[in-house]
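One structure is given here, and the rest of the page talks about it.
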Amino acid sequence: MAKKVAVIGAGVSGLTSIKCCLDEDLEPTCFERSNDIGGLWKYTETSKDGMTRIYWSLVTNVCKEMSCYSDFPFQEDYPNFMSHSKFWNYLQEFAEHFDLLKYIQFKTTVCSVTKRPDFSKTGQWDVVTETEGKQHRAVFDAVMVCTGKFLNPRLPLESFPGILKFRGQILHCQEYKIPEGFRGQRVLVIGLGNSGGDVAVELSRVAAQVLLSTRTGTWVISRSSNGGYPFNMMITRRCLNVIEQVLPSCFLRWINERQMNKRFNHENYGLSITKGKNPKFIVNDELPTCILCGTVTVKTSVKEFTETSAIFEDGTVEENIDSVIFTTGYVFSFPFLEEPLRSLCMKKMFLYKHVFPSNLERASMAIIGLISLKGSILTGTELQARWATRVFKGLCKIPPPQQLMAEVTKKEELIKRGVIKDTSEEKLSYIPYMDDLAACIGTKPNIPLLFLKDPRLAWEVFFGPCTPYQYRLMGPGKWDGARNAILTQWDRTLKPLKTRTVSSDSSKSASLSHYLKVWGAPLLLASVLLICKSSHFLKSVRDKLQNRIFPYLVL
């Protein structure tokens, strides 16, 4: 008999979890509290149901070739970066293509998920749900929690003295949909993540003035890289990842700063990272121009509010503020879980490889999608789901809970003593994390073997963008179309741009430029790697670089 799996949520994580269950001959039942799939990608004009929804103007930050399910590429005529409606259409196409909708119970809320009395032997769960006021109870062999990390808005009013006496409008960006209601206003946006940048830019078109407050600053990246290619495809490459493992961290920071400041000097624009803070970046094509034109003014963090104004940490005061929009992120929660499991899952370090709670006697629960990646979360959740379903089926193993808890407890103690840094809330490096999960499944690409068997494919895998199709080339879940998808990924990237016929001379020039842009840097880096293959040589170079560069970094 097939094992029964409860999937909580039908967003990007839930949909791939349903499919992965079917791929492993498991029996999924998905519970979705709204009336449709897509989670936050399903746009609605209001958020009265308490669910997080996106704003109307949202555009994806990761290009289509880097943010698709690994065996279901976007249609070639889809734009590289798309509107929320286009992305939701893709999710609908995915669900229909793999016939996933029949496994979803809509307008159903999960009330509780508790261990069965014989959990230590069976790993089973009691799941109580509610549909139209009626409760139902069922037993499942495993549970996949796919509610994501955008559940509850984080509104830290207690951190802003005087905010309660402020007379203007106060809201979280979860409630923001369109800019029209702010026409002619002076608006203060607090927080500079991707949402903060987007909201500030959009408001600048109708508001009298937009003030953008940030504590730490940020690097601002454009969606188009050198030559106009999607930046994700240019920077997310295995060859570059190898180089990052070799070069000293101080040298990498220096290179990154130079690269980031090529487009514009972040310090001049008030965006440079506060000294001692972890570097972060946002994707925004228009923010620098808005700052340059004066429609957006960057400010330091807010010290306190009065009835009509905001006083900032640098002593400046902005009067007559009409609205304050907090873009301060979200707090994830698992209200349906029992204690102490609920509290443990709230600490990411207690999730083995960000998926399995460390304290469970049986690995029959997986938290899917609770990750921050320097890349597409969708592709990360798919690999998590592929791994989790194979663990449920007994095809993959994880260490016993005693070992996992001992390791985490030791790490927690070292963090408290200041011996090591807590990195559980930092964004994970994309390729290392994806490869780690793929190795657990048995789908990590074998680059040396590929160079022997299929040099053309190996070249694209190692020097080209690390697209999700790479994790379908071999092992469990192998997809026959993966090779072709990789070799044609640049064709699908350029297809939506080819809307005007150009002369043959221009085409040849563009083609040459394309190959120089795409392969020039990887070839140069490959040459460096070949020269530096001796570990002794690497050590000496690293020491010399450290000694020569460090004094300049200090200055």
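Keep in mind that glycine also has a Cβ here, set from the backbone N, Cα and C atoms.
Now, the feature entries from Swiss-Prot:
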BINDING   Gly9, Ala10, Gly11, Val12, Ser13, Glu32, Leu40, Trp41  FAD binding site
BINDING   Thr60, Asn61, Ser195, Gly196, Gly197, Asp198  NADP(+) binding site
TRANSMEM  515-532  transmembrane segment
Val12 (FAD binding site) falls, by DSSP collapsed to helix, strand or coil, into helix
Near FAD: residues not in Gly9, Ala10, Gly11, Val12, Ser13, Glu32, Leu40, Trp41 with Cβ within 8 Å of the site Cβ centroid are Gly14, Leu15, Ile37, Gly38, Gly39, Cys146, Gly148
Counting across all protein chains, other CB atoms within 10 angstroms of the CB of Trp41 (FAD binding site) number 20
Candidates Gly9, Gly11, Leu40 (binding-site residues); nearest Cα to Gly197 (NADP(+) binding site) turns out to be Leu40
As a whole number of Å, the Cα atom of Ser195 (NADP(+) binding site) is distant from the Cα atom of Ser13 (FAD binding site) by 21
Cα-Cα, Val12 (FAD binding site) versus Thr60 (NADP(+) binding site), nearest Å, comes out at 14
Record-annotated NADP(+) contacts Thr60, Asn61, Ser195, Gly196, Gly197, Asp198; largest Cα to Cα distance in whole Å is 15
Taking only the CA atoms, the spacing between Asp198 (NADP(+) binding site) and Trp41 (FAD binding site), expressed in whole angstrom, is 16
Quick note, Asn61 (NADP(+) binding site): same-chain residues at least 6 apart with CB under 8 Å of its CB -> Phe81, Asn194, Arg223, Val283
Of all C-alpha pairs drawn from the FAD-binding set Gly9, Ala10, Gly11, Val12, Ser13, Glu32, Leu40, Trp41, the farthest apart lie at a distance in Å of 14
Across all protein chains shown, the one of the binding-site residues Ser13, Ser195 with the most other Cβ atoms within 10 Å of its Cβ is Ser13
Per DSSP (three-state), Leu40 (FAD binding site) is helix
One finds that other Cβ atoms within 10 Å of the Cβ of Asp198 (NADP(+) binding site) number exactly 25
Whole-Å Cα distance, Ala10 (FAD binding site) to Gly196 (NADP(+) binding site), is 26
Cβ-Cβ distance under 8 Å, sequence separation of 6 or more, same chain as Thr60 (NADP(+) binding site); the residues meeting this, in order, are Ser67, Phe81, Met82, His84, Phe87
